[in-house]
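Asker: Here it is, the structure in full.
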Amino acid sequence: MRPFLDDAKRRVDRRLSASKQSISTSRLLPSVLPDRFKDNHDAQVDFTAPPGGVGSREGHMQYMQQSIFSMIAAVGSRSDFHARFDESSDSDGETEGRSQTESPVKKVLGSSNPVNSQTEQRSGSQTSRKSEKDQSSRGRHHRRTISDHKFLRPFKTSSKPEPDTEPSTGDERLRVTLPRRPRSTTPRAAPILSRMVEAQAQFDSKTPSAGRSQNSSQESSIHSSHESSTSPLSTRLMEMFDFNKPEKVLVEYACSLLQSMLLQGYMYVTEGHICFYAYLPRKSTVAIKSGYLHKRGRKNPKYNRYWFSLKGDVLSYYADPSNLYFPSGHVDLRYGISASLAESKEKGREPKEFQVSTDQRTYHFRADSSVSAKEWVKALQKVIFRTHNEGDSVKVSFPIENIIDIEESPMMDFADTFKIRVVEDDDSYAIDEYFFSFFDSGREALTLLKSLVNENASGHSSRTLSPHADRSPRSDRTRRSRNRWSLTSGTSQPGNGSADTHRKRSASTSHLSLGPDAIPTSPVTRHQDPSESILNSFEQGTESSAVWQSMEDGAESASQILHRSDVFQSPTIHNLDKRACSDERSGRRQAGGTARSTLTHVNANKDGSPGEYSKLGNDGKPDREIRHVIHELDQETQGPSKPGPGAPTLNELVKAGTYPLQRAAGFAEYLRTRSKQMSNLLASESMGYIEKVSGMWVGGRRHYGEAEDVLPDDQAVDPEDKEDGCNYGDRFRAHFALPSTEKLQATYFAYLHRVLPLYGKIYISQKKLCFRSLIPGTRTKMILPLKDVENVEKEKGFRFGYQGLVIIIRGHEELFFEFRTSDARDDCAVTLHQHLESVKYLAESGLLAEQEKDESEAAMAEHRMLQEARLDDYGENDIPPLNESSGLHPIFDDPRASIVNFKPAESLRITCLTIGSRGDVQPYIALCKGLLAEGHKPKIATHAEFEPWVRRHGIDFAPVDGDPAELMRICVENGMFTYSFLKEASQKFRGWIDDLLSSAWASCQDSDLLIESPSAMAGIHIAEALRIPYFRAFTMPWSRTRAYPHAFAVPEHKMGGAYNYITYVMFDNVFWKAIAGQVNRWRKNELGLKATTLDKMQPNKVPFLYNYSPSVVPPPLDYPDWIRITGYWFLNEGVDWTPPVDLSAFIQRAREDDKKIVYIGFGSIVVSDPSALTRTVIESVQKADVRCILSKGWSDRLGDPSSAKTEVPLPPEIFQIQAAPHDWLFAQVDAAVHHGGAGTTGASLRAGIPTIIKPFFGDQFFFGSRIEDLGVGICMKKLNVSVFSRALWEATHSERMIIRARDLGAKIRDEDGVATAIQAIYRDLEHAKTLAQQRSIASSTPFSPTPSAKNTAEQGDDDVEDSEEWTFVGDDNEMDMSRRMRDRAISDAEMLPDRLLTNSIHGAGR
């Protein structure tokens, strides 16, 4: 891939100074900053410190930030805090797969002549564009080569000068190298053949253009007695199936080719051929199916339960579905042979067991039901079929004259199926059988085909099956070009002849014919001897096959003209297994595609002259000699070949035996690496045991070039390891079942910290970060896509003398690595950052590699051009198109979509309950406006001071008691858990809670649905009493996860998943203990409900709506289905706002002076020295040379009316405002500086500008850490001139930060958070109703004040109603997963609560 061509050179250059570089992706290097921004004497001073006696964040509770919610948790009187962990509450959920959508492709149809221009581009321009890296790209990628017409040129391109005999232009090479193929024969159901190869017909340079591109899917029959033989459809079929001339299309049907699965496509009947075409687009990064299965061990008959995910060509399984980066193992379906249900052990019962066979072993699985087992088998069969298919489309073609007979073969009640038997060719006498199923017009098709066969038989009565019979010129050409390849489930074997002739063949009883693109051929396979069956007994891993394994692949095409039906049943490629790889070209494939045998290509032109070779043998003979050999071989092929199965191994051993004495060690290494037992013991690494172990423990690092060899300036490599043929990249890809397009870039030895330090090896490739444990007895593997990595940070190690590296991942807990030396750690960090920058902006099309994207485009173009030709025929001949309803109807099986309309039929009365500041109310106004538009009747219940604002938007209002300003004053002025805080809060707070609960109960009457911020505390109990569905909504993380810490417990440094999870457990328990007494008394006296506990409430089962962007806080992998991150709920009040004239003039003047503009506003905060903070802001703005719009709100006491006044005069660079809508203001500035509240952060990020956050309390620390992790801003721990001026300069000059912020802003603006939230409400409404009913049945009493309480209780089961300890429990699997996560979190962090309360986490951990 082009972006990585110079990675090796850049990496070497940068690695030399790695230890001196800054590692933050969002910050500029110190060397880039001007000298004036170096730290001064005030670098450690914080001018935002609160007044004396209150203390700073460091002086008080370091983690429980100053907020109303923390205050609530702190002042519950007579609460037994020592017992806060005696009661537990479960959190569970399952992982939802994320898919990437495939972007539409149109560029391949851009030329005026789609046929010729595309042909020339693929053969000429793309050939020159490919790097030499493609020469070594073998294995899996060529299997995916699809209809991009690469058959017009050799797939292997080179930047080296061409030999004199090679045509200099792409057109000449096209004409000389590629003689035409007339037609193709097809399959028969034989046992195992190695793999399916593509053969796509070449395009003639004189072929007329097809014109426009059309997308149509039509599935019935077309009859045309007037159709011209040169119609667009005839021409297109001639090009695709390589006929001699355009053949008149007699009829067209929508049908399915029946093999292990129904392959839906089209049958075209021409004058001389029957053709079948199917388009099979693939998306390799989409999870096809996932779920729980039981897997049997290799030796242990016991079944163990795992979470399985089928993605691309790999079936992976995981012990924990929330840890999808750490697979327990995988089954590589590229080596798959079959997937089938096991035989039922009981008569009359369908089996739940099934098995998957590969070329190495058979895997046994058990599903939870027989239906599930069938679904898995069907999905696996599709994947195995795709891996056998050489691209994104399948073609089958055979001459009508070769048809023996056609007979009906009833298989399905709803379709007509018949079998066509075809003689493969005139030499082999092989007979193939094809089954075609017609869902419409089947009887008509059968009659027509039988009549054609009968007419052909009567017209050619002299035709025989004898290979010695007279044949027409076309027949002769067909004979010479048909069986150019024989493929086997084993490997290629040399033919019978001297080594000088370079004759290689692959042994098989089955033939797959390549199209004209598949240039390498094996001429000695024209005739097959019965002794060839001996060759089939060679296993892939044996010496005879491994020695002569050749991985030169031929030119590829996008689709296949298949020969013989057994191609559907053999493995695509064969395991690298315990043998030395030849080099990168070996991949894990056998001759010809794995199985492509490589040597010389014998192509016969029409006049019988030998064609030009496409690929050299291993020795690479010159043109002239190869031509001579080809000519000789072409002469030999007129008679039967004489394969010698014993010769290959003997010749190889003789050759090895003639090595000089100094090469004896190499021969011994050759034998040693082929020992299966030793290879298993040494983890398939082909190096000596002593060297392996010593190198492993010494550690270090290695970088690899384009050919995946160690760069010369890296650490010395063992000479024997160099001479050993096995490529480093091959072993890397074999370890993790990765495609051949994944190139190894660097490796490091390090410790992965999870529960215990685990020593292993880090692999960095173009798109993956992988880890493999090296400790005996451990099998930990990690595969992490770099696109999921947000940032990389250097930290101190957990152990003395070690250096730490933290990987921050989207929606997942952080990963910690430890290195022995700082050099290795710094080098790894720099390498990762280089790859992150490359990967971050690569277009994600849903495909694994750029080659696959090109190939998919070409296959799609071929499909569209064929559809276009059909439409052209319709226009010319007035033939009705295929009936849309005649063929197979697609089955709706997309788990991410739904055909069900979840919107309630009637209008709902929806109440939104919240408390707090203006920022807590604003999102609900936006949501209620959306609900009004949907026809519902929303109401907001909050503090009375917000009533005018709410009613101005046409939303109903209900008051809730409590003064938010007084609560905020207690939090801000007293700090957290100080003596003055506890004293004042205990005096005022308890009465406030009683008033809040009672007023909330009154405000929520007459509601059908309740949506509440969990800070309001009353909603879940009110919904239980009213028997109505209940949702939660909030602006910060409140649900348990290992990905992020609780918003009120953000640590100074990353602490990992165990810490993150335990913060939620702690806060839930402490918060509930503080209010439990008052809440239960209120439930009994006013709601008529029984007392409850945290476990009985099951708050983690409640549907939750988070109103921030999934691009800012990606959904964690361990969130259950009912927790949804919807996007911001913006109100957009600035649309009609008119700015003051002086503000507009200030902005205009700054633009004219070419100065950057920043906004600075921290809200209403309390600081010890307001004038010092003002001077700091002024000096920082002047030092950074920017213009500032200032919104001042700080003072030495909360609510001070003079807080907006400046203590010192403001310079002309600063313009002060009182208020302005954020959505308007942030669009006018280049950067924003604020306190980091959820709403303000969302507004600045939506504007697409870098954001600087100075957090003070609450969730502000969480959002500060998020913008820094995303690389779109800076979070300042202290505020002084040195730090602030540098941050202002970076935010306005760092192109990396500016681009990232701009891209993030575009993503946020594309979201519609309100609409997504409303759809989520509809979707989860039934789930919420179920929860409400279950809770009300369990907790209602005869004194319940709600009219429906008794009736509902009577409907419930008496046992459940009377149960005091009833607890709603969901799916067992869910609960098991929750329990495992909780147990792991608690065991991982036994002492963490004490550390949390003693301010010593960082010191104890590092």
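Please read every residue number as a count from 1 along the shown chain.
Glycine is no exception: its Cβ is also placed from the backbone N, Cα and C atoms.
This is the feature table in Swiss-Prot:
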BINDING   Ser917, Arg918, Asp920, Ala1220, His1222, His1235, Gly1239, Thr1240, Asp1259, Gln1260  UDP-alpha-D-glucose binding site
COMPBIAS  110-128  compositional bias 'Polar residues'
COMPBIAS  209-231  compositional bias 'Low complexity'
COMPBIAS  468-478  compositional bias 'Basic and acidic residues'
COMPBIAS  490-499  compositional bias 'Polar residues'
COMPBIAS  531-548  compositional bias 'Polar residues'
COMPBIAS  576-587  compositional bias 'Basic and acidic residues'
COMPBIAS  1336-1349  compositional bias 'Low complexity'
COMPBIAS  1355-1375  compositional bias 'Acidic residues'
COMPBIAS  1376-1387  compositional bias 'Basic and acidic residues'
COMPBIAS  1397-1406  compositional bias 'Polar residues'
DOMAIN    236-286  domain 'GRAM 1'
REGION    83-231  region 'Disordered'
REGION    457-558  region 'Disordered'
REGION    576-622  region 'Disordered'
REGION    1334-1406  region 'Disordered'
Asker: So how many other Cβ atoms are close to His1222 (UDP-alpha-D-glucose binding site), meaning within 10 Å of its Cβ?
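Answerer: For His1222 (UDP-alpha-D-glucose binding site), the 10 Å Cβ neighbour count is 23.
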Asker: What are the DSSP helix/strand/coil residue counts across the domain 'GRAM 1' (236-286)?
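Answerer: Looking at the domain 'GRAM 1' (236-286) with DSSP, the answer is 6 helix, 26 strand, 19 coil.
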Asker: Would you mind pulling the DSSP three-state label for Asp1259 (UDP-alpha-D-glucose binding site)?
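Answerer: In the DSSP reduction, Asp1259 (UDP-alpha-D-glucose binding site) maps to coil.
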Asker: Looking only at Cβ atoms, how many others are within 10 Å of the one on Asp920 (UDP-alpha-D-glucose binding site)?
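Answerer: Result for Asp920 (UDP-alpha-D-glucose binding site): 23 other Cβ atoms within 10 Å.
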Asker: Count the other Cβ atoms sitting within 10 Å of the Cβ of Gly1239 (UDP-alpha-D-glucose binding site), across every protein chain shown.
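Answerer: Counting Cβ neighbours of Gly1239 (UDP-alpha-D-glucose binding site) within 10 Å gives 22.
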Asker: Between the binding-site residues Ser917, Asp1259, whose Cβ has more other Cβ atoms within 10 Å than any of the rest?
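Answerer: Of the binding-site residues Ser917, Asp1259, the most buried by Cβ count within 10 Å is Asp1259.
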Asker: Sort His1222 (UDP-alpha-D-glucose binding site) into helix, strand or coil using the DSSP assignment.
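Answerer: In three-state terms, His1222 (UDP-alpha-D-glucose binding site) counts as helix.
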Asker: As a test of reading the model: what is the averaged pLDDT for the domain 'GRAM 1' (236-286)?
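Answerer: Average per-residue pLDDT within the domain 'GRAM 1' (236-286): 80.
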Asker: Sort Ser917 (UDP-alpha-D-glucose binding site) into helix, strand or coil using the DSSP assignment.
Answerer: coil
Asker: Could you check what DSSP calls Gly1239 (UDP-alpha-D-glucose binding site) once collapsed to helix, strand or coil?
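Answerer: It is helical.
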Asker: Over all pairs in Ser917, Arg918, Asp920, Ala1220, His1222, His1235, Gly1239, Thr1240, Asp1259, Gln1260, the listed UDP-alpha-D-glucose binding residues, work out the largest Cα-Cα distance in Å.
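Answerer: Taking every pair of listed residues, the largest Cα separation comes to 23 Å.
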